[in-house]
Amino acid sequence: MLSTSPSRSFKNKFRAAFWPVHNYELGKFIPISALMFCILFNQNILRILKDSILISEISAEIAGFAKVYCVTPVAALFVIIYAKMINHLTFEKIFYYLSAFFISCFILFAFVIYPNIHIFHVHPDTLSDWMNKYPHFKWYISLVGNWGYIVYYSLAELWPNIFYVLLFWQFTNELTTTEEAKRFYTLFSLFGNSSLILVGFLMMNLSSEDTIIKKFISISDSKITLVQVSTTIIAIVAIICCLLVRFISKYIFTNPLFYHKTKSSRSTAQRMGLIKSFKYIVKSKYLWLLLICSAAFGFAINLVEAVWKAKIKELYPTVNTYAEFNSLYILWTGVAIIVMTIIGNNVMRMHNWFVAAVISPVIIMVTGVLFFGLIVFDQQILSLFDGAILMSPLALAVSIGGIQNILAKGTKYSIWDTSREMLYIPLDDELKTKGKAAVDVISAKVGKSSSGLVQSIIFTLVPNATFTSISPILMVVFTFVCFAWIYAVRKIYFEYQKIA
């Protein structure tokens, strides 16, 4: 009887822990990882730009109104359009058409609307007069008067949920088995989210006063140049995404070594009509629990981010300085995601799904309460540690908020995202496609828009309110939502065990 040598045993254990991908699987693993890298690369450039433009050009308070009254209706419309498209078009064509639409809109804003914003927007003095005359409606007036910024922000907000959460993961879930997912998904997260570090360094340079762009072109307005150069990069990377989708569709879906499902199973979801498919989804307790989890994250993180971003604007008031700080934050978020992905990979293998999935809501709740505590009890804390804190209260709030967001996003984009995607794998094709579209696109926006709705109601009723003044209320709501998220994770774990 042959015995396994100690060196071979150690090699197998090392591979299982750090590189559980077989050599013959690299033909599938590398293209999917590259696609995730490119989609997240664009996603994080857009994240930096949308916040820097909207908050610096208008205010932090307007973001909540934009999410409620602009982003959510567009997201709902997209789900309806997508359900129609999937019945008539291949995934490949859907990806091409949506990419062309979004990139065209971003180019139009960067090269036509933004440089000539005074032509397209209501004059600031006129807008200010209207807002002063109707104080309870001033934020709604600002939405309409600054429509260019709002449209750009809305489309940039939709990019992650359409291209990453929906299209990429639907594509990937179709290609991978449950057994492969346990080995691949955390590594996808590791390689894909490393793009945040590259984006951080890139955007820090593009937004700084000593940007490398000055060596090649003359800069008349640094903020417009920042947006135009960034948009050009986004367009190039989007083309690479389309080429990767083409390669995967042509060479991986047709290779029985990489793709193990029958063509008939892939087309099952396309035979049901729109109304019938949505009725099917509504009856699924499983999807409702998934919706609560996704919505809870969007709701909770948006409450913290809203207050934090208002503080950032006070410290960094211009588009470029805001973008430079945001780039540093994105960079460290990338580092946190990579570290937590390595941790999460081992947690998921060594423990059950619930242990891995519950890490995100617990960390977000603990760090969020600490941040709100600093904002609500700032004077008491500063007097208690008088002389020990070497930075201003504003700089301290921005720093603590940054740490909170880095830890929250780090756990969410590494551990929670991969845990959530495993929940879709055992589902049938209808729930896996149209059900995923409804949950992933709508739920995240419902979460953020519900949070924005709470904020918009307060700001409408109390026109002079600020995020600092309403922080005690937001803190209570935030804590309640985090507990609801933890409860939903526990319930869906029991449902997952029944079908996995």
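Residue positions begin at 1 at the first shown residue.
Glycine is treated like the rest: Cβ placed from N, Cα and C.
Away from its own ends, the transmembrane segment (26-46) comes close to residues 106, 156, 159-160, 163-164, 168, 171-172, 175, 184, 187-188, 191-196, 198-200, 202-203, 230, 233-234, 237-238, 240-241, 244-245, 247-248, 251-252, 255, 257-258, 330 of its chain (Cβ-Cβ under 8 Å, at least six residues beyond either end). If you look up Swiss-Prot, you'll see 26-46 (among others) marked as transmembrane segment.
Under the heading transmembrane segment, Swiss-Prot lists 62-82 (among others).
Beyond the ends of the transmembrane segment (94-114), by six or more residues, the same chain brings 46, 53, 82, 85-86, 120, 148, 151-152, 155-156, 159, 162-163, 167, 224, 227-228, 230-231, 234-235, 238, 241-242, 245 to within a C-beta distance below 8 angstroms of the stretch. The transmembrane segment annotation in Swiss-Prot covers 94-114 (among others) and is backed by sequence analysis.
The transmembrane segment annotation in Swiss-Prot covers 149-169 (among others). Tertiary proximity for the transmembrane segment (149-169) is limited to same-chain residues at least six positions away from its ends with a CB under 8 Å from its CB atoms, namely 35-36, 39-40, 42-43, 46-47, 49-50, 53-54, 57-58, 63, 66-67, 70-71, 74-75, 78, 82, 91, 94-95, 98-99, 102, 105-106, 109, 113, 143, 241, 421, 424, 436-437, 440-441, 444-445, 448.
The feature transmembrane segment is assigned by Swiss-Prot to 184-204 (among others), with sequence analysis given as support.
The transmembrane segment annotation in Swiss-Prot covers 224-244 (among others), and the record cites sequence analysis as its basis.
Per Swiss-Prot, the feature transmembrane segment maps to 287-307 (among others); the stated evidence is sequence analysis.
The feature transmembrane segment is assigned by Swiss-Prot to 328-348 (among others).
For 357-377 (among others), the entry in Swiss-Prot reads transmembrane segment, with the evidence type sequence analysis. Under 8 Å from some Cβ of the transmembrane segment (357-377) lie the Cβ atoms of residues 296-297, 300-301, 303-304, 307-308, 344, 347, 396-397, 400-401, 403-404, 407-408, 411-412, 415-416, 419-420, 468, 471-472, 474-475, 478-479, 482-483, 485-486, 489-490, 493, all in the same chain and six or more residues away from its ends.
Annotated transmembrane segment per Swiss-Prot: 381-401 (among others), in sequence order.
Annotated transmembrane segment per Swiss-Prot: 469-489 (among others), in sequence order. Sequence-distant contacts of the transmembrane segment (469-489) (same chain, at least 6 residues past either end, Cβ-Cβ under 8 Å): 289, 292-293, 296-297, 299-300, 303-304, 306-307, 354, 357-358, 361-362, 364-365, 368-369, 372-373, 375-376, 454-455, 458.
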Cβ contacts under 8 Å made by the transmembrane segment (224-244) with residues that lie 6+ beyond its boundaries: 31, 34-35, 38-39, 41-42, 45-46, 48-49, 53, 95-96, 99, 102-103, 106-107, 109-111, 114-115, 163, 202-203, 206-207, 213, 217, 319-320, 323
